[in-house]
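Written out below as structure tokens is the structure these notes cover.
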Amino acid sequence: MKEKNPWHTPVTIIITVIGVIAIVALVTVAVLQNRPVPQKYKYGIVLDAGSSHTALYIYQWRAEKDNNTGRVEQTHSCKVKGKGISSYASEPWRAGESLTLCMQEAEKRVPHKRHHETPLYLGATAGMRLLNMENSSASDRVFQAVERALQKFPFSYQGARILSGQEEGAFGWVTVNYLDDRLTQGLETTGALDLGGASTQISFVSDNYDGSESPSNSVTFRLYGNDYNLYTHSFLCYGKDQVLRMALAQQTQSGPGAILDPCFHPGYMETKNYSVLYDSPCVSDRKPQGAPSIFNHTGNGNFRQCQEVVKRVFNFSSCKYSRCSFNGVFQPLLQGPFGAFSAYYFVMNFLNLTDTSIPLESVMEKLTRYCATPWEKIKLQHPNVKLNYLAEYCFSGTYILTLLTEGYNFTSESYSSIKFIKKINGSDAGWTLGYMLNLTNMIPAEAPDSPPLPHAGYVSIVTIIAFLLFVLVILSLRPLWPRCSKQPHII
Ligand SMILES: O=P(O)(O)OP(=O)(O)OP(=O)(O)OC[C@H]1O[C@@H](n2cnc3c(O)ncnc32)[C@H](O)[C@@H]1O
Ligand SMILES: [Ca+2]
């Protein structure tokens with residue numbers, strides 16, 4: 001007869017049940033542990049108050065990352081109607097008012113419950129730098145009006161200020177390299193070339209440059225555990241609108257009343273106002289005495305001659321450093337690939353010259369033909385392009401090539417390392433993203449500790465351990481198992 005142990009069945013059942021509960025509990029904990037919480041985004045808004053216009057950018061990033069280190073991307077941009085805020089010096093309230101439509105758009109784009117925690121920044125560049133130099137109380141009034149307008153919105157307003165040229169250059173560089181994911185990986189960085197309406201910036205890392213030769217051109221960063229020694233310079237008055245003023249001002253010196261301009265198409269003719277031309281600190285000291293109030297601006301479309309005119313806006317006469325770009329400004333040896341954005345892109349894209357694998361000589365030949373095309377023909381070919389932009393592409397293209405080759409010393413070879421870009425992975429190239437990343441501490445100095453295992457790794461390991469524990473428990477109960485019924489029974 002089979003011997004019956006009264007503990008057998010209940011003990012086995014209890015232990016089995018505990019084992020199963022333990023496994024379920026362990027696996028559940030492992031699954032929930034460091035599982036991404038439901039997606040929640042954070043937002044930031046930056047207004048780029050440029051000399052020619054203001055643009056609003058909305059950025060978003062996942063909120064669950066520690067220390068705000070989630071990837072930031074641009075979700076929306078809005079171009080403010082009208083001119084830049086510095087053009088409202090005589091009626092500052094209009095500067096504030098001009099921002100309303102884009103701000104209302106931002107109110108709709110950022111989820112309502114995030115409004116109060118969304119930082120809002122306004123950074124002004126060369127237009128306000130010039131106004132501040134010319135008339136600082138007018139620039140203060142513009143800022144007061146802008147501030148009043150922005151504070152009416154439900155965002156977390158963080159202030160409006162003029163960026164230094166250094167900041168503008170450095171943040172443009174941070175943006176380009178962040179969007180290209182070059183900073184986290186410690187890859188070779190890309191230089192940044194920004195051409196605005198009133199200033200232009202060049203920023204790049206050069207290995208044999210330690211910053212000591214010209215400290216004012218040096219910015220050091222520690223980002224994701226890597227040290228960068230960045231060369232950067234902003235040339236005030238060398239944005240394309242101010243250079244055009246300088247070029248015209250120079251040509252009026254040869255005789256007031258009329259300019260025959262090689263940078264404008266044959267057949268182009270406009271009557272322009274001297275007081276408008278000279279209304280900028282970049283040229284005001286050159287205003288001819290007793291000049292008539294208007295002049296005839298006529299084009300004759302000649303690239304080579306235009307290049308000579310443009311070259312005269314640069315001063316190459318003195319350099320107290322080992323090497324200079326122009327105007328006695330230090331520049332180390334050019335290095336690495338470059339991203340060229342804003343007007344570099346607008347102009348070269350219009351001219352179909354963004355492909356830098358085309359040899360520089362061919363680029364110049366194309367521009368020679370373009371500049372020589374009669375103005376009437378150009379207008380017919382581009383009926384949808386704004387006439388003031390259209391009239392200036394020959395000048396702007398010539399300025400870009402002259403700035404790059406004569407100014408910054410790009411050669412036929414290094415020219416091909418430039419990429420004319422507007423966006424990188426969906427976000428606009430420009431200083432705004434870098435500015436926000438910096439102010440929200442979104443780029444850590446040290447590389448963040450990454451978890452030794454991905455989430456799936458934790459789940460698998462805990463499941464295996466739980467299974468082994470279960471097997472161990474079952475095996476440890478072996479002495480209590482009922483004997484095999486095939487054993488011979490002794491009666
Ligand atoms: O950086 P600052 O100097 O303050 O100026 P900005 O920020 O206003 O300058 P942008 O890069 O917006 O534009 C640079 C220049 O390009 C001009 N621009 C903008 N869109 C253009 C287009 O489609 N074609 C030609 N030029 C354009 C604009 O009027 C400026 O003169
Ligand atoms: Ca700009």
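Glycine is treated like the rest: Cβ placed from N, Cα and C.
Just so you know, TrEMBL annotations are computer predictions that nobody has curated.
What TrEMBL records for Glu168 is active site, proton acceptor. Summarising the annotation, TrEMBL assigns ATP binding site to Gly197, Ala198, Ser199, Thr200, Gln201. What TrEMBL lists as transmembrane segment is 12-32, 456-477.
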For Ala198 (ATP binding site) and the residue listed as 'active site, proton acceptor', determine the Cα separation and express it in whole Å.
13
If you measure Gly197 (ATP binding site) to Glu168 (active site, proton acceptor) at Cα, how many Å is it?
14
Of all the binding-site residues given, Ser199, Thr200, which has the fewest Cβ neighbours within 10 Å once its own Cβ is left out?
Ser199
Please report the distance from the Cα of Gln201 (ATP binding site) to the Cα of Glu168 (active site, proton acceptor), rounded to the nearest angstrom.
7
Least buried by Cβ count (within 10 Å) of the recorded positions Glu168, Gly197, Ala198, Gln201:
Gly197
Which recorded positions of Glu168, Gly197, Thr200, Gln201 contact ligand 1 in the sense of C-beta under 6 Å?
Gly197
About how far apart, in whole Å, are the alpha carbons (Cα) of Ser199 (ATP binding site) and the residue listed as 'active site, proton acceptor'?
10
